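Engineer: First, the structure itself, so that you have it in front of you.
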Amino acid sequence: MIISAASDYRAAAQRTLPPFLFHYIDGGAYAEYTLRRNVEDLSQVALRQRVLKNMSDLSLETTLFNETLSMPVALAPVGLCGMYARRGEVQAAAAADAKGIPFTLSTVSVCPIEEVAPTIKRPMWFQLYVLRDRGFMRNALERAKAAGCSTLVFTVDMPTPGARYRDAHSGMSGPNAAMRRYWQAVMHPKWAWDVGLNGRPHDLGNISAYLGKPTGLEDYIGWLANNFDPSISWKDLEWIREFWDGPMVIKGILDPEDARDAVRFGADGIVVSNHGGRQLDGVLSSARALPAIADAVKGDIAILADSGIRNGLDVVRMIALGADTVLLGRAYLYALATAGKAGVANLLDLIEKEMKVAMTLTGAKSISEISGDSLVQELGKSLPTALAPMSKGDAA
């Protein structure tokens, strides 16, 4: 299969992966309305073309949390990444490191912190949930700090798992799930050999290290179901500050008031995110939520964004809407499943090229020059309020 654009990796991944794994990353919550709107709303953001601007000295480099990034992109935390390629977290981290951007390790990764961190030169980021087992949280924070992780990404939009109906149909959950997954693996020999046989152990490394025993897929589902904490509040974040003195990013913000609360708390950054449409169907897409949030807190806190980003043009759109940096999730996982480290590296090269084209044709020589002025309202169309530039009074 020819890979000429970032979007080609999705089709390639669907051929390679057993259905239970493909649909686990490809699907969303309920009827997947928000999942679709994440992509559709972002694709409708029109950019303002500018010409004759002498773009010979264009640069994508930016700075975030005292780190220099080759472009305003980081790899998002993705659970079970090591099931998509052999020791997938290690491969994805290596590709990000070579590109000069951060890799974020998920709490529920296959490869533990201690396996991934020593393989890369730049400090890794670590993602953590608020869980009932505070002993695990403290253990994870201490291990992340000992491994040299620089930034904590704290996910707050998952006090309970979303209703992901596609998982029951694909074999990730539901009746006879284990047997269905087994036969799917048999029918996908490339994955079965590379990951199923040679990618072991298939446990959740960070959790296994704490519990002192392997945690397989069924354990993963059960452990998460029992440990997500609906009582989560800002007080829990205050407790975490006792064990983490580095940059802290709050992931899962969709409302300007929550963004202001993050500033008042003293967070270093937020991620405008609806969890890729995997939690609550019917909420705003990140593209629609971002402008009002940026209007409320831009300059007071670093603003990251995810959900719906599939290519370099989408990165430029998100920055024009108010983000400082974006996180890639599904896009890099499709590439990882297709060709491992090389696939992720190629995806990042494609995104870089697409960003350069978009910036050249919009007259933005640097990331700081991408702003609301880079957007244009299309003739005959009214831009939705949440995508339109807003004044401070409008955002209140």
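The backbone N, Cα and C atoms fix where each Cβ goes, glycine too.
From a predicted model like this one, the values you see are computed outputs, not experimental measurements.
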Engineer: For the substrate site that Swiss-Prot gives with Tyr24, Tyr129, Arg164, which of Arg264, Arg278, Arg288, Arg310 also belongs there?
Structural biologist: Arg278
Engineer: When DSSP is mapped onto helix/strand/coil, what comes out for Asp314 (FMN binding site)?
Structural biologist: helix
Engineer: Here are some binding-site residues: Asp306, Arg310, Gly322. Which one has the most Cβ atoms within 10 Å of its Cβ?
Structural biologist: Asp306
Engineer: Listed substrate-binding residues Tyr24, Tyr129, Arg164, Arg278 - what's their greatest C-alpha to C-alpha distance in Å?
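Structural biologist: Greatest Cα separation within the listed binding residues comes to 19 Å.
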Engineer: I'd like to know which of these recorded positions, Arg164, His275, Arg278, Arg330, is least surrounded, judged by other CB atoms within 10 A.
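Structural biologist: Counting other Cβ atoms within 10 Å of each of the recorded positions Arg164, His275, Arg278, Arg330, the minimum falls on Arg164.
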